[in-house]
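What TrEMBL records for 216-250, 251-284, 298-339, 422-454 is repeat 'WD'. Feature annotation from TrEMBL assigns region 'Disordered' to 457-476. What TrEMBL lists as compositional bias 'Basic residues' is 466-476.
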Amino acid sequence: MGYALSRLEIGSDCDGDMSTSASGEGQVSNKPLNNLDDEIAQLTRMKSGPSAHLSQVLPGKPEVYISPVKMLAGRECNYSGKGRFSAGDCCHVLSRYLPVNGPWLVDQMTSRAYVSQFSSDGSLFVAGFQGSHIRIYNVDSGWKVQKNILAKSLRWTITDTSLSPDQRFLVYASMSPIIHIVNVTSAETESLANVTEVHEGLDFCAHGDGRDSFGIFSVKFSTDGRELVAGSSDDSIYVYDLETNKLSLRILAHRSDVNTVCFADETGHLVYSGSDDTFCKVWDRRCFISKGKAAGILEGHVEGITFIDSRGDGRYLISNGKDQTIKLWDIRKMSNNATHYNRPRNYDWDYRWMDYPPHAKNLMHPRDRSVATYKGHSVLRTLIRCYFSPEYSTGQKYIYTGSHNSCVYIYDLLTGVLVATLKHHKSPVRDCSWHPQYPMLVSSSWDGDVVKWEFPGSGEAPTPPNKKRVRRRHFY
């Protein structure tokens with residue numbers, strides 16, 4: 001199951017000591033990843049490190065970190081021969097300034113926040129709440145609400161949203177086979193379903209009659225904006241053709257809920273999926289109809305997968321798992337066949353309302369194909385999301401994730417060290433998003449707060465970290 005029940009824990013806190021071993025929940029290991037010798041290590045260093053010309057201008061061994069002053073001096077002396085910084089030089093400077101100052105309050109709602117995402121260019125920000133509201137903020141206009149959408153036929157909560165590549169349309173999903181689409185460029189600010197604006201329903205039922213009972217956990221626009229790809233609670237991946245306005249394909253993809261789907265790169269040919277059956281799968285859309293099975297399978301998690309994010313190169317991805325880990329994958333290491341892992345579970349556990357058993361945290365998959373594993377955050381109650389940091393400003397040097405214990409965690413991709421912990425929220429942080437260009441990160445939580453973290457900050461007074469909140473109890 002990808003949804004939590006009614007137990008809202010306002011009083012949960014982050015752990016105070018973040019330098020201890022990863023043997024307990026919420027405890028983080030600063031022990032380096034000694035085995036990360038994959039090609040991604042070299043690629044990351046190239047994208048986020050200074051050029052060889054600047055690192056060799058000083059006598060002795062090249063420095064791992066060169067100060068901005070020395071880099072500016074090297075640029076003025078034109079050591080690179082180009083008269084400017086390379087993209088890697090820029091990332092080397094920018095990645096040192098993490099968005100950790102604040103937080104500054106963006107919005108505060110009376111219901112749980114489930115989705116929070118920047119648009120691809122960072123000009124818009126979308127936040128989806130359990131109480132039927134979806135708000136689109138214009139970031140460039142001082143976070144003014146550009147669109148206030150009241151969802152139609154909502155079941156349980158907004159599970160996912162997706163902006164079209166041209167940022168004209170937004171689709172939103174819930175625990176229903178109907179996905180709705182809204183024109184976000186219209187003049188109306190208040191978008192009340194079929195009152196002020198039409199929210200067209202897209203029926204994902206195989207028979208088109210709306211009788212099938214399942215929910216959509218994840219939905220994404222294709223890179224050309226002509227199709228939608230979705231993962232559902234009936235173990236399937238769906239493809240919806242927006243030009244013909246009908247469902248074009250259903251694949252019985254996994255043996256349990258498909259909690260997450262995403263595209264591997266800009267071509268849109270490869271799709272990744274993650275499920276409660278513990279598998280990440282790779283799908284080639286060019287072979288969907290003729291082949292009908294996954295191009296490959298990635299084994300390594302011992303519990304279900306809550307979210308997948310692609311590095312965007314068609315090769316690497318990360319996944320968040322209910323086994324309280326993030327795993328880094330190289331799809332060149334995938335297998336053609338995989339059998340379901342019958343984990344030696346001598347305990348009864350449900351992540352929706354139970355803590356992860358301490359003795360289960362050391363379980364390892366006997367056929368783990370992942371490149372690296374990151375521990376410290378907690379994945380409980382809901383489908384916690386994780387991401388690569390932006391390429392433009394960090395060279396994708398970091399991994400960041402929400403957490404059940406109300407914090408946002410930022411890990412170094414290469415070393416696995418926890419480099420920052422953002423503490424403000426009082427309830428689980430399901431989603432967070434790093435601005436694609438600026439050192440700004442926005443987190444949203446089940447406490448209803450949407451806050452931004454920056455470097456160095458907006459100059460305004462930040463939200464008091466220990467503000468008093470009214471305890472709310474939800475009944476369903």
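Positions of Cβ are set from backbone N, Cα and C atoms, glycine also.
TrEMBL annotations: computationally assigned, not manually curated.
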Completion exercise
Same-chain residues at least 6 beyond the ends of the repeat 'WD' (216-250) with a Cβ under 8 Å from one of its Cβ atoms are 1-2, 159-166, 171, 173-177, 179, 202-206, 208, 256-263, 266-268, 271, 273-275, 283, 285, 288-289, 383
Handout entry: Reported mean pLDDT - the repeat 'WD' (422-454)
Key = 97
Handout entry: DSSP-assigned states of the repeat 'WD' (298-339) in counts, ordered helix, strand, coil
Key = 3 helix, 20 strand, 19 coil
